[in-house]
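A.B. asks: The structure follows.
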Amino acid sequence: MATIALDKASAAANYAQLPEMPQDVFTAPLQKPNHLGEDWLEPEQTSYDSEDDAIWDDLFARQMKVLPGRAVSAFMRGLDKLDLGRGGVPDFVEMSENLGKLTGWSVVPVPMLIPDHVFFWHLANRRFPAGNFIRTRETFDYIQEPDVFHDVFGHVPMLTDPTFADYMQEYGRAGWKAMRYNRLKALGSLYWYTVEFGLMMEDDEVRAYGAGILSGPTEVVFATEAKSPNRIMLNVDRVMRTDYVISDLQPTYFVIEDFDDLYRQTVERDFDKLYKSLPPAFTYANSAVIDVDHVVNRGTQEYLLRGGRGSGADPV
Ligand SMILES: [Fe+2]
């Protein structure tokens with residue numbers, strides 16, 4: 001009988017309303033700054049100074065040296081459509097107007113990482129929360145918290161693609177069910193291996209559409225060309241059982257045929273059944289290749305075996 005109750009709750013989910021995070025769900029605690037409301041949004045975007053704008057321009061120029069031929073064409077078109085290279089940190093209001101005309105999305109400023117249930121709520125309503133700060137020259141190459149360059153340059157161009165834009169909204173809606181089943185880690189793994197580190201086949205080559213790849217110079221080349229990582233066709237059930245690391249280059253990337261493939265595999269999947277079949281913890285290490293995998297390239301894992309980032313190993 002519990003199943004029927006859950007299905008009913010699912011059909012009745014009101015995505016316009018901020019969901020409550022159940023008390024027993026595993027999620028990272030975050031302290032809300034006092035000046036923010038329940039939506040965690042800043043009243044307005046930071047006004048950046050000329051050094052901030054120069055940092056954006058330098059980061060932009062660095063990516064443009066490595067992205068052509070390695071990023072999916074939808075991403076390159078998105079950069080053009082929103083004119084993100086015109087100079088300086090883009091204005092969220094103007095960008096949202098343009099993005100709104102294309103796919104109905106907007107970009108809203110947040111001060112830091114926000115809680116999962118608030119994040120799901122914004123995505124389900126086609127609002128993309130973007131970090132309201134930009135890195136410094138000291139943290140030019142690597143930052144832990146996503147800044148405006150990662151969030152806007154990495155994520156927003158993809159939101160100009162209608163199918164990907166729909167996928168992101170559905171991902172947000174999927175959060176309601178993940179909270180009910182206490183499977184946020186599993187859903188987080190799907191986000192990680194698609195939205196952040198996804199690859200796609202294009203012109204018989206692997207290209208990147210994930211923001212974590214597209215917003216940094218090293219991983220763009222590593223993900224698409226290096227011998228170390230595995231590249232495996234996306235299988236949602238498998239990905240949601242796979243662990244991930246956040247502090248180094250990925251040992252494995254998952255590849256989609258196209259955005260329709262991504263949409264079909266996830267949005268049309270019965271997640272009730274999937275969540276019921278998932279163990280509480282991840283089953284597969286992030287470097288594993290398993291029997292069911294459709295492998296595009298099996299990696300040597302040389303980079304990982306030499307010790308990864310901490311050892312100064314070459315990303316080969
Ligand atoms: Fe991101």
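Along the chain as shown, residues are numbered 1 onward.
A Cβ is built for glycine as well, from the same backbone N, Cα and C atoms used for every other residue.
Curation plays no part in TrEMBL annotations; they are all automatic predictions.
Annotation source TrEMBL lists Fe cation binding site at His150, His155, Glu196. Residues or ranges marked as domain 'Biopterin-dependent aromatic amino acid hydroxylase family profile' by TrEMBL: 1-316.
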A.B. asks: Do you know the mean pLDDT across the domain 'Biopterin-dependent aromatic amino acid hydroxylase family profile' (1-316)?
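C.D. replies: Taking every residue of the domain 'Biopterin-dependent aromatic amino acid hydroxylase family profile' (1-316) together, the mean pLDDT is 93.
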A.B. asks: Neighbourhood of the Fe cation site (His150, His155, Glu196): other residues with Cβ within 8 Å of the Cβ centroid, in order?
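C.D. replies: For the Fe cation site, the extra neighbours are Pro146, Asp151, Gly154, Val195, Gly210, Ala211, Gly212, Leu214, Ser215.
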A.B. asks: Among all protein chains shown, how many Cβ atoms are found within 10 Å of the Cβ of His155 (Fe cation binding site), not counting that one?
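C.D. replies: Taking all protein chains shown, His155 (Fe cation binding site) has 23 Cβ neighbours within 10 Å.
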